[in-house]
Amino acid sequence: MSTEAPLKIAVTGAAGQICYSLLFRIASGSLLGDRPIELRLLEITPALKALEGVVMELDDCAFGNLVNIEIGDDPRKVFDGVHAAMLVGAMPRKAGMERGDLLSANGAIFTAQGKALNDVAADDVKVLVTGNPANTNALIAMKNAPDIPASQFNALTRLDHNRAKSQLAAKLGVPVTEVSHMTIWGNHSATQYPDLFNAKVGGKNAAELVGDEAWIENDFIPTVAKRGAAIIAARGLSSAASAANATVEHMRDWILGTPEGDWVSMAVPSDGSYGVPEGLISSFPCTVKDGKYEIVQGLELGEFSRAKIDASVAELVDERNAVTELGLI
Ligand code: NAD
Ligand code: LMR
C-alpha cells in the first residue's frame with residue numbers, strides 16, 4: 001500500500017444500483033491504484049439500512065487500500081473535507097421518460113449538495129455529477145457553490161464516449177483499442193453529438209474509414225444517443241455497471257491525467273470554446289494534466305457537426321432556463 005494520506009471520496013446514492021458496482025470498483029483500486037482511500041457515503045434516511053448492507057459487503061472484500069468508510073444522510077457531515085465527490089444519487093428515468101422530465105424531480109437534490117460542498121469540502125474538491133440530467137444538475141451544484149471554482153464541477157459523458165468507441169470499432173471490425181480522439185459534444189441526452197469527423201481509428205480519420213455518411217447520421221449517432229433508452233427497454237432498469245465504469249474512468253483521468261496523444265469527453269463549464277455559451281456545462285474533447293483539464297482547441301467542425309452541436313447546446317440553454325424558473329440557480 002502507498003504511504004500517501006488517504007483520499008476522502010464522497011459518493012451519493014450509495015445504496016443504488018450504479019453504486020453497487022461503483023463502490024467496489026473504487027475500493028478495489030480501479031480509481032487510484034494502491035493509494036489509500038476513505039469512502040464517505042451519502043443516502044436518504046430510508047435507504048441507510050440498505051447502505052449498511054453494502055458496507056458489510058465492502059468489509060467482506062477486505063480491500064487493502066480502503067482505510068475507512070463513513071455513511072450518513074447529512075451532506076454537511078458526509079462531504080466534510082472530501083477531495084472528490086461523485087454525485088450519483090438521483091431518480092433514474094423510467095421507460096418513456098426523457099431526461100428533461102427529471103429536471104424538477106432531481107434538481108433540488110443538487111442545490112442542497114452544492115451548498116454543503118461549498119461549506120465543508122476540501123478547497124481542491126473535484127465534483128463529478130452522474131445523476132441525471134447530469135449536465136444541468138452539475139450546473140445547479142456549481143451555482144450553489146460560489147466559493148468553489150467552476151472548473152471543479154464536471155458532468156459525465158464518458159459513458160456516451162465509450163459507447164461511441166465501441167459502436168465504431170464494431171462497424172469497422174477492429175479492436176476498440178484502435179479507436180482514439182472520440183468526442184461527445186453537448187448534453188448527455190438524445191441530442192448529444194458523437195463526432196466521427198475528428199475521431200481516429202489506427203491513426204486514420206474515422207469518418208473517411210467508415211465512408212458512409214448515411215450510416216453516421218441514421219445509424220451511428222442515434223444508436224449512441226439513444227443507448228440509455230435501449231438499455232432501459234432491455235433491462236427494465238437504467239444502465240448501472242457501464243455507468244459506474246464511466247464514472248471511475250472520468251474521475252481517474254481527472255485526477256491522474258489523460259493518456260498521452262489522446263483526449264476524452266468531459267462535460268465541463270464552457271469558457272466560450274466552439275461558440276458554446278460561457279458557463280453551460282457541455283461536453284467537449286478534453287485533456288488533463290496535473291489534475292487540471294483543458295478543452296482541446298482548434299478542431300474543425302463542418303456544417304453538419306456545427307448544426308448538431310448547436311441543437312444540443314440549445315437544449316442545455318432550455319434546461320438552464322427551466323431550472324432558473326424553478327429557482328434552483
Ligand atoms: P437508483 O435509483 O438505483 O439509485 C439512486 C439512489 O440515490 C437511491 O438509493 C436513492 O435513495 C439515492 N438518493 C436519492 N436522493 C438522494 C439524495 N438527496 N442524497 C443521496 N442519495 C439520494 O439509481 P441508479 O440506477 O443508481 O442511477 C442514479 C442516477 O444516475 C440516475 O439519475 C440515473 O439516471 C443516472 N445515470 C446517469 C448516467 C450517465 O451517463 N450520466 C448513466 C446511468 C444512470
Ligand atoms: C444512460 O445513458 O444510460 C443513462 O443516462 C440512463 C438514461 O436515462 O438514459
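Quick reminder: no glycine exception, Cβ is built from N, Cα and C everywhere.
According to TrEMBL, the features are:
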ACT_SITE  HIS188  active site, proton acceptor
BINDING   GLY13, ALA14, ALA15, GLY16, GLN17, ILE18, CYS19, ASN106, GLN113, THR130, GLY131, ASN132  NAD(+) binding site
BINDING   ARG93, ARG99, ASN132, ARG163  substrate binding site
DOMAIN    8-149  domain 'Lactate/malate dehydrogenase N-terminal'
DOMAIN    157-324  domain 'Lactate/malate dehydrogenase C-terminal'
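Locations of recorded TrEMBL features on the structure.
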residue: GLY13; record: NAD(+) binding site; contacts (Cβ under 8 Å, 6+ apart): CYS19, LEU42, GLU43, LEU87, VAL88, GLY89, ALA90, GLY131
residue: ALA15; record: NAD(+) binding site; contacts (Cβ under 8 Å, 6+ apart): GLU43, ALA47, LEU48, ALA50, LEU51, VAL54
residue: GLN17; record: NAD(+) binding site; contacts (Cβ under 8 Å, 6+ apart): LEU237, SER238, ALA240
residue: GLN113; record: NAD(+) binding site; contacts (Cβ under 8 Å, 6+ apart): THR12, PRO75, PHE79, LEU87, ALA141, ASN144
residue: ARG163; record: substrate binding site; contacts (Cβ under 8 Å, 6+ apart): PRO194, VAL224, ARG227, SER242
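Taken in sequence order, the recorded positions GLN113, ASN132, HIS188 that lie near ligand 1, meaning a CB under 6 Å from one of its atoms, are ASN132, HIS188. Over the domain 'Lactate/malate dehydrogenase N-terminal' (8-149), the average per-residue pLDDT in this prediction is 95. ARG93, ASN132 are the binding-site residues among GLY13, GLN17, ARG93, ASN132, ARG163 whose C-beta comes within less than 6 Å of an atom of ligand 2, given in sequence order.
Overall, the recorded NAD(+)-binding residues GLY13, ALA14, ALA15, GLY16, GLN17, ILE18, CYS19, ASN106, GLN113, THR130, GLY131, ASN132 cover a maximum inter-Cα distance of 20 Å. Each residue of the domain 'Lactate/malate dehydrogenase N-terminal' (8-149) gets a DSSP state, and the totals for helix, strand and coil are 64 helix, 26 strand, 52 coil.
In this structure the C-alpha atoms belonging to HIS188 (active site, proton acceptor) and ARG93 (substrate binding site) are separated by 13 Å.
Cβ neighbour count for HIS188 (active site, proton acceptor) (all protein chains, 10 Å cutoff from its Cβ): 30.
When Cβ neighbours within 10 Å are tallied across all protein chains shown, the highest count among the binding-site residues ARG93, ASN132 belongs to ASN132.
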